[in-house]
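I have placed the structure first, in the form of structure tokens, so that the comments after it can refer back to it.
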Amino acid sequence: MARLSLLTLLALGSAALAKKDTFQTKCAALQHKVKLPNVHVNFVEYVPGGTNLDLPDNAPSCGASSQAVSTDMCRIAMAVDTSDSSQITLEAWFPRDYTGRFLSTGNGGLSGCIQYYDLAYAAGLGFATVGANNGHNGTSGEPFYQHPEVVEDFAHRSVHTGVVVGKQLTKLFYDKGFKKSYYLGCSTGGRQGFKSVQKYPKDFDGIVAGAPAFNFVNLISWSAYFYSLTGSNTSESYLSPAMWKIAHDEIVRQCDELDGAKDGIIEDTDLCHPRLETIICKPGAKDTANCLTGAQAKTVRDVLSPMYGVNGTLLYPRMQPGSEVYAAGIMYNGEPFQYSTDWYRYVVYNNPDWDDTKWSVEDAAAALAQNPYDIQTFDADISSFRGAGGKVLTYHGLQDQMISSDNSKLYYARVAETMKLPPSELDEFYRFFPVSGMTHCAGGDGAYGIGNGLGSYNGVDPENNVLMAMVQWVEKGIAPEFIRGAKFAEGPGSAVEYTRKHCRYPRRNVYKGPGNYTDENAWECV
């Protein structure tokens, strides 16, 4: 018996080795099999699981010199021409443990950065995964300068081109091709997801689009607007991070328990309309460490108010309350916001010397009138996507410090009004989940671990993983009624302190008891 067991083990080992060799051989042969128009293969390599992959060609500003890879995969890197004067850098990661699903990742900010962490995440879940650099390298908007083709890549063409090429490569590499196609992105990646919904409705069966940067031109102007409110760090209207903490604590004091629980988390920011007069320093007060001046209180009120244009029309909704501490060092730091500066200098005015400290709503009007390649991405008629059978799931953190979650609520309302559909009808193809305690795409004070990436992973169960929830919706017809978030005790990957079910909009979470606020069953969507 011992001899038979040994022979059996050897046979199994040989079969596994043969399987491994077959996969590696197939990977090595891929480079010479690619004969696609405008596609220039740079290299193909087999990458074993457990590798910390060096990324020497990744722009330093992208902030990733390496990426941990959890699964055996075949990596193909290429350049794809998008016009006579533009091209994208594209990578496809084909995992050994393939599930028959194709997925495209997105990007962030103004960046030309392949999001390798998303490639690793999706490939690790068995998706044939592609990611592109948006038509330029690095996080600056300078490559847009006098290069409209690069702007077009950024606006819509990069992701779509990557999808077209990626699907062809997937069919070339895997004998069975793919059965369903998906998208996963956040921020600019969220906007790209909705651009696919609006412009390329047949590209994906299921789209997960987080914190979308749609209403893009007005978002850029809104981000520029904050400097006009705060002024420089010597202005009387400026608040230091410590002062923003004072404001935040008062906002939480006024709004925390509106959901029924005192847990430091605002579950429904729509109910929160704080009055900051309560923390204005008294005349002649000697101790001003825990209060604000009248000018500073006005700044907070202005930040928490919508931005209107030259003719009084709404351009962008308010920053939702509760994000003050996280936004202080980014949006209200006494300096113009760099993405806004770059967009105005290199796209709107094509003038690298444009003075970003002089921005006004007249500039916002000029930018919106330009709207190159409809980068606004705010078309509310998504009937073609619905007709194609597509599903879109969007989420937005209610502590988002860079893109107001109120903008996602505005778009939801515009879709409902334009398509003349109540939430019960929208639910068939478009579901929106505000996530309390989540900052921009991940992180925050609450249960933000929804499985939208490596930094928020809490298992593959569809109830705990927003991407797998989309897979279940597309492939089994089971739509998510909630998305469960995990509150990590010490950050991503640490012990889960508690979980919370985040409600499908327009429902909101209310604490009913009788358990502690950490008990997800003590909450109810109403």
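Note that Cβ sites are derived from N, Cα and C of the backbone, with glycine treated the same way.
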Exercise. CYS27 has a disulfide partner in Swiss-Prot; which of CYS62, CYS74 is it?
Worked result: CYS74
Seminar exercise, completed: Correct disulfide partner for CYS281 among CYS255, CYS291, by Swiss-Prot, is CYS291
For this session: Quick one: which of CYS186, CYS255, CYS272 does Swiss-Prot link to CYS441 by a disulfide?
Result: CYS186
Exercise. Taking CYS291 (disulfide bond) as the reference, which of CYS62, CYS74, CYS186, ILE265, CYS441, CYS525 (the recorded positions) have a CA within 10 A of its CA?
Worked result: none
Problem set entry | Residue from ASP256, ASP259, ALA261, ILE265, ASP400 whose C-alpha is spatially nearest that of CYS27 (disulfide bond), among the recorded positions | ASP400
Seminar exercise, completed: Row CYS281 (disulfide bond), column other C-beta within 10 angstroms, all chains, value 17
Exercise. Here are some glycosylation sites: ASN137, ASN233. Which one has the most Cβ atoms within 10 Å of its Cβ?
Worked result: ASN137
Seminar exercise, completed: Using a 10 Å radius on the Cβ of CYS272 (disulfide bond), the other Cβ atoms enclosed count 20
